[in-house]
Amino acid sequence: MQEKSIRLGIVVAEFNYDITQLMLQKALSHARFLNVEVKVVIKVPGTFDMPLAIKKLLEKDFIDAVVTLGAVIKGETKHDELVASQTARKIVDLSTEFNKPVTLGIIGHGATHEQAVERIEEYATRAVEAAIKLVQRTRKLDELKEIKETVIIE
């Protein structure tokens, strides 16, 4: 039986564009390399603005998972902590509400600009890989009926 294709949506923040645009390029390239289709890329002003776009994508039947890409850079106040924690919390809530994976490819909080630049490829590719693995594994979990012994889903 041929495995069903995986269709991703990507939400990318425009704030810290020099970083997030490179993250988007890396994510798209990695998805192509892994033979996964990116159906929609939506840009939002900042990381804090992601939840509505994520929700809209999760409502679509042609989206199996959403990858988020952003960079929350440390400033002189604790604003970065607020943005990162509130966004991450809402991302988790949306994932469980819609029963679809939403992966966290957001650099920060507390990262300097230099640290964020160093993490561009790692965060972008890991977010894509996590989305793919979660879709594959939750599909396997959905196929389980009655079981009599421990099942490990990889």
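The backbone N, Cα and C atoms fix where each Cβ goes, and this holds for glycine too.
Summarising the annotation, Swiss-Prot assigns active site, proton donor to H79. Here Swiss-Prot flags F15, T47, F48, D49, A71, V72, I73, L104 as 5-amino-6-(D-ribitylamino)uracil binding site. Annotation comment: Swiss-Prot describes E76, T77, R119 as (2S)-2-hydroxy-3-oxobutyl phosphate binding site.
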### Task
Could you check what DSSP calls L104 (5-amino-6-(D-ribitylamino)uracil binding site) once collapsed to helix, strand or coil?
strand
### Query
Cβ-Cβ under 8 Å from F15 (5-amino-6-(D-ribitylamino)uracil binding site), same chain, 6 or more residues apart: which ones?
P45, G46, T47, G70, A71
#### Entry: Candidates T77, H79, R119 (recorded positions) - the one closest to F48 (5-amino-6-(D-ribitylamino)uracil binding site) by CA
H79
### Message
To the nearest Å, how far is the Cα of V72 (5-amino-6-(D-ribitylamino)uracil binding site) from the Cα of R119 ((2S)-2-hydroxy-3-oxobutyl phosphate binding site)?
### Response
12
#### Entry: Of the recorded positions listed as E76, T77, H79, R119, the one whose CA lies nearest the CA of D49 (5-amino-6-(D-ribitylamino)uracil binding site)
H79
### Query
Measuring Cα to Cα, how many angstrom lie between L104 (5-amino-6-(D-ribitylamino)uracil binding site) and R119 ((2S)-2-hydroxy-3-oxobutyl phosphate binding site)?
13
### Query
How far apart, in Å, are the two Cα atoms that lie farthest from each other among E76, T77, R119, the residues recorded as binding (2S)-2-hydroxy-3-oxobutyl phosphate?
22
### Query
Hey, of the binding-site residues listed (V72, I73), which one tops the CB count within 10 A?
V72
#### Entry: Rounded Cα-Cα span from H79 (active site, proton donor) to I73 (5-amino-6-(D-ribitylamino)uracil binding site), Å
9
### Query
Of all the binding-site residues given, D49, E76, which has the fewest Cβ neighbours within 10 Å once its own Cβ is left out?
E76
